[in-house]
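First up is the structure itself, then whatever we jot down about it.
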Amino acid sequence: MIPESLFGALEILFTWPTAGWLVVGVLTGIIIGTIPGLGPNLGLAVVLPLTMGLDGPDAIILLISIYSGAMYGGSIAAILINTPGTAAAAATTMDGYPMTRQGRAMDALSISATASALGGTFAIITLILLTPFLTTIVLMFGSPEYFLIALFGIALITIIAQGSMVKGLTAGAFGLLLSTIGFPVAAGQPRYTFDTFILYDGLDFVAVLIGIFAIGEMIKLAGETGSLANKDLSLSGNVLSGVRKVLASPITTIKSGYIGMFIGAIPGSGASISNFISYAEAVRSGAGETEYGSGNHRGVIASEASNNGTVAGSLIPTFSFGIPGSGATAILLGGLVMHGLRPGPELFTDNVDITYSIFLALLAGNAIILLFGLLIITQAVYITTIDTDYIIPIVIAIASLGAFGLRGSWLDVFTVLIFGILGFFMMRHNYSIIAFVLGIVLGPIAEENLVRSLQLSDGSLMIFVNEPIPLLLTLFTVSVIASPVFTLVRSAIGGGAD
């Protein structure tokens, strides 16, 4: 089965125009990632509605290529102007920018491209090898298991709500509330539609994502003036010496790629966490080497190898259970649904060729990242000097046109604008956007499978604990919910003791 699926995937990937969309996606992603303040979420949110005219495989390969390219592109500004183009490149600044100040900018850029490509390659090969096991596991899941998986994802809000837990729970609850708009699964009365016929199908998920990520970020950028980078750039060093440094550090590269993959597979985490964990591990294991934070090339390797490893890992919960691991994979999930590809068993059985083609697209995308990074990175860096006065109106126009094209409805345009304002408000006041996205994504999944489960069991809740897998998922969910409660109680007891 595996060889046949891989051959089918290769046929999909290297048939025109799919291969062309792969190249366009990676290069577009690198450009978007290079510009501080943009990033994969914005790029995917803007491009998603534009993929409606494409075949399903072409659209998803374009989106996943943009995601992968943007994860690498963020390192360019991080290295050259000490400003990470994406949150995933934050740790790269710690040694990348000092290398630039030391006249080793070209070294740092070539290290970044090579480490990102190799780290992503190791992770995606592992994912391809694990796919048969994922297929077996996913096929064991029915409605009770999917309800508990969705409930587990919702419970993760208590963990991913950075800062105020109250704000995180509020954002998640608001997302859940919005997911109930329209006709429920098992009732004949619409909910919260205000007698507006177009709301009977609920809010368009894609329009909400475009607003939250694209328009919200543009409102934030509108408060800044001038270009994104106004610094003189010095590109010195040697490309091949950077490549040799990565090849001479295989343990750091492989280990960081797998750390990224593991962290990426945990819903609600992502590259902004994995790159710091990888960097910290490099510091821990590199005691006695050149001081980290002062231009140690292994610091750049660790951060960048983990980034594209995270991309591969984030596909595991997204494809297997429909739980997005990050904002970018939430948008990718919207693309899957929009093109009739349902996450879960169908992706690994009926559409296994498409699934493998997506994995192979990531593999080929890493080769493009390496080629582009080593050959023409000296020109790509000037993207960082684009003035926000040009970026903002272009992005808003594309997002609005794309929203109107979803259903030919002005309501979707208003939805984009309203949720853009909401997204800006949430960023401004530190409400968790990923908690909100988890709520609005997982709400319908939880409700639909809860209804089906109770129908199967004649209303008995024992269906969620009378088999090993549901029981295990229930225990996981309870432990996730109880963990912050125990932490608060322990803190209160400790405070009282003092």
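Cβ coordinates come from backbone N, Cα and C, glycine included.
Lifted from TrEMBL, the feature list:
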DOMAIN    21-438  domain 'DUF112'
TRANSMEM  12-39  transmembrane segment
TRANSMEM  59-81  transmembrane segment
TRANSMEM  108-131  transmembrane segment
TRANSMEM  137-161  transmembrane segment
TRANSMEM  168-185  transmembrane segment
TRANSMEM  197-215  transmembrane segment
TRANSMEM  321-342  transmembrane segment
TRANSMEM  354-376  transmembrane segment
TRANSMEM  388-404  transmembrane segment
TRANSMEM  410-426  transmembrane segment
TRANSMEM  433-451  transmembrane segment
TRANSMEM  471-493  transmembrane segment
Paired segments the transmembrane segment (354-376) and the transmembrane segment (410-426) in contact, 3+ CB pairs under 8 A: no
Per-residue pLDDT averaged over the domain 'DUF112' (21-438), given as an integer: 78
Region pair the transmembrane segment (410-426) / the transmembrane segment (12-39), three or more CB pairs under 8 Å: no
Region pair the transmembrane segment (168-185) / the transmembrane segment (433-451), three or more CB pairs under 8 Å: yes
Among the ranges 12-39, 197-215, 388-404, the one whose Cβ pairs under 8 Å to the transmembrane segment (433-451) are most numerous: 197-215
Folded-back contacts onto the transmembrane segment (197-215), same chain, C-beta under 8 angstroms, at least six residues removed: 41-42, 44-46, 48-49, 178-179, 181-183, 190, 327, 330-331, 334, 337-338, 395-396, 399, 402-403, 406-407, 409, 411-413, 415-424, 426, 433, 436-437, 440-441, 444
